[in-house]
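Enquirer: Summarising the annotation, TrEMBL assigns active site to Lys38. If you look up TrEMBL, you'll see Gly13, Val14, Gly15, Lys16, Thr17, Val18, Asp55, Glu116, Gly117, Ala118, Gly119, Pro206, Phe207, Ser208 marked as ATP binding site. Residues or ranges marked as Mg(2+) binding site in TrEMBL: Thr17, Asp55, Glu116. Marked as substrate binding site by TrEMBL: Thr42.
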Amino acid sequence: MKRLIFVTGTDTGVGKTVITAGLLAVFRKKGYMTLAIKPFQTGATRREGILFSPDAMFYREIGLQDEPLEVLNPVALEPPAAPFVASILTYTPIELSKVYQAVAEVLPRYDLVILEGAGGLCVPILKDFFMADLARELGCPVLVVARGSLGTINHTLLTVRYAQTQGIPVLGVIINGLSPGTDQVGNLNPWVIKELSGVPLFGVVPFSPSIDVDKRKIGNLVELMEDSLNFNGLEEAIFGKFGDLG
């Protein structure tokens with residue numbers, strides 16, 4: 001029972017890292033050997049000449065991940081931009097082989113490997129290779145993380161439909177960061193997305209000030225995920241719907 005899924009966003013800054021870390025923690029709690037990988041980290045932090053992925057470090061805080069950082073984050077670039085752009089700015093060639101090697105190395109040892117993309121599906125990795133291409137080549141279904149604010153219907157439907165036109169199965173949608181003060185229109189958006197997208201909506205995760213990726217503060221993330229998401233449905237979608245990779 002080996003599963004590989006790809007967490008993508010409708011935009012940058014929608015909270016993919018928080019959701020990925022939460023999935024990592026809850027599925028481990030359920031007894032699944034689970035690992036999260038950030039294939040491409042841009043905006044990486046430099047310490048003593050070495051680039052570190054803040055996202056991968058956040059996974060480590062919550063997931064007891066013992067894998068080397070070069071496995072948790074095979075490609076790190078300093079500029080906060082799309083990998084293709086960051087590689088141009090730093091004169092650093094993108095080595096896709098590092099990502100494939102990392103996945104091939106860990107997949108036999110885990111029940112579930114979660115890949116967190118950078119930005120959305122149309123973010124370029126190379127001139128002619130995008131996040132969607134990576135998900136498709138690895139055979140990953142995608143889980144879409146969407147924001148709860150105005151415009152999310154358009155962004156979410158575009159992401160779902162683009163994935164489908166690219167032959168990438170869509171597990172479903174998670175809406176993240178909904179504010180307690182959301183108005184009637186905002187509160188209706190999740191239902192509209194579920195009705196119009198034709199894919200499952202696994203839940204709406206409210207904003208929590210106790211969670212901070214950059215400061216590695218996990219706060220109430222695990223409890224928040226368990227209370228907000230339909231994990232039975234998500235578990236069935238991941239482990240029951242798609243073929244075994246192992």
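Including glycine, each Cβ sits where the backbone N, Cα and C put it.
These numbers come from a predicted model, not from an experiment.
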Enquirer: Out of these binding-site residues, Gly13, Gly15, which one has the fewest other C-beta atoms within 10 Å of its own C-beta?
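Expert: With the binding-site residues Gly13, Gly15, fewest surrounding Cβ atoms within 10 Å: Gly13.
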Enquirer: Among Gly15, Thr17, Thr42, Asp55, these being the binding-site residues, pick the one whose CA is nearest to that of Glu116 (Mg(2+) binding site).
Expert: Thr17
Enquirer: Counting Cβ neighbours within 10 Å across all chains shown, tell me which of the binding-site residues Gly117, Gly119 comes out on top.
Expert: Gly117
Enquirer: If you count other C-beta atoms within 10 angstroms, which of the binding-site residues Asp55, Glu116 is the most crowded?
Expert: Glu116
Enquirer: In Å, rounded, how far does the Cα of Asp55 (ATP binding site) sit from the Cα of the residue listed as 'active site'?
Expert: 7
Enquirer: Using only the Cα atoms of Gly13, Val14, Gly15, Lys16, Thr17, Val18, Asp55, Glu116, Gly117, Ala118, Gly119, Pro206, Phe207, Ser208, which the record gives as binding ATP, return the largest interatomic distance in Å, rounded to a whole number.
Expert: 22
